[in-house]
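Q: For 12-37, 49-69, 81-103, 161-193, 222-244, 290-309, 315-337, 349-371, 377-398, the entry in TrEMBL reads transmembrane segment. Residues or ranges marked as domain 'Major facilitator superfamily (MFS) profile' in TrEMBL: 15-402.
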Amino acid sequence: MEQTASNGKKLSLLPLIALGSVPLIMVLGNSMLIPILTTMQEELNISKFQASLVITLFSVPAGIIIPLAGFLSDRFNRKTVIIPSLILYALGGLIAGVAAWLLDKPFGVIMAGRVLQGIGAAGTAPIAMALAGDIFKGAARSQALGLIEASNGLGKVLSPILGVLVAFIVWYAAFFAFPVLCIPAALAIWFFIKEPKKKSEPQSIKQYVSSLKSIFEKEWKWLMTAYFTGASALFILFGVLFYLSQILEEQYKIDGLPKGGILAIPLLAMSSTSYITGAKIKKRKGLMKSLIVTGMLLVAVPLGLAAIIKNTYILLALLVISGIGTGLVLPCLNMLITSAVNMEKRGIVTSFYGSVRFLGVAIGPPVFTWLMEISRAVMFFSVAGLALVAAGLSMWLIRVPDSEKKPPAPTPGSIPHETMRNILAKKKARA
């Protein structure tokens, strides 16, 4: 089955499913556990802050290790990083699940399993994004990256519901779901992805670092802004989900499947928007900067209103609008960053992006726990302000690389003399 087209017009199903399964599984690592954090808190007799560490101790190791995974994928190849990472991810889930099942005081071992899962997660979605950039070209690349981000969003939509459904068996059953899902994904990557050969021999570490330094010296303003914006969007998303999960159970006594369904609503808005955005920008790449700024404003304004509006139904509607904003932002950032450099350095540049995204997710729940203790208004105004800062920086500093802009139509004055002479000769011959 053909998966690569230099003209960017062909997208094959099986490679896309294989690539899309990787971010979907990665996002389950946090999102599937959010609905059961309150239950875990009660079952293990731990504090709210300790429960939030279930998210943090997964995301921090991932954020730290991702640049190393990106370097290895650039130096060797993507598949040899992704497949062992999925196996490590599965092993960490198995360790956490067995500890919760068999040990009287399993919290420490569960956290160790989560750290191991985080290390495994480092070599999953960010490397899959780089691999998609290697495989697909032109318009197909933006569509493939949009599908990968939509798959990420789909994982976020399904995970609260899946987490609740699995918890009907026993609360720690979610940990055993990871090996069940990771092994088929690893097999799909192995069999269905044909990785392009590298065009040149791997650089020495010194050469590699030097070339990266030159990239960041030239592009640092907009790359750092893109990294900051992506991290901010996911920090806000996971923090708000953590807050929503807490108030649904503590204030409204909503748990189980209804709670998972409510948490999925803003995530569904985000993933649907991601898919549509990815499809649209493949033909109109010049819109990406405008969509990023608009998206962050759509995150900021509803959250600012949420600080003063306490009606739960209106709050949910505001979070849906915020989710739409996030869905506009992420596919555009994915496309900009994967297209910023050539294939040999794409892994590390996208990995830095994945790293800051993970760190945004990591600090979301504990920071929101702290802000919730101050006041709801302070919490929402703070994150709305952060989104406004990201929107302002994006408007000022982000640029669309020339290679991603549609070239202007040639005019007679812009056509080289030799080319114009050839055109006139052909017309004369036809006459």
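Even glycines carry a Cβ here, placed using N, Cα and C.
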Q: Return the average pLDDT for the domain 'Major facilitator superfamily (MFS) profile' (15-402) as a whole number.
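A: Summarising the domain 'Major facilitator superfamily (MFS) profile' (15-402) by its mean pLDDT gives 88.
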Q: In the same chain, who gets a Cβ under 8 Å from the transmembrane segment (377-398) while lying at least 6 residues past its ends?
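A: Distant contacts of the transmembrane segment (377-398): 221-222, 225-226, 228-229, 232-233, 235-236, 239-240, 243, 289, 292-293, 296-297, 299-301, 303-304, 306-308, 325, 336, 368, 371.
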Q: So, do the transmembrane segment (315-337) and the transmembrane segment (12-37) meet, by the test of 3 or more Cβ pairs under 8 Å (sequence gap 6 or more)?
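A: Counting Cβ pairs under 8 Å (6 or more apart in sequence), the transmembrane segment (315-337) does not reach the transmembrane segment (12-37), since there are fewer than 3.
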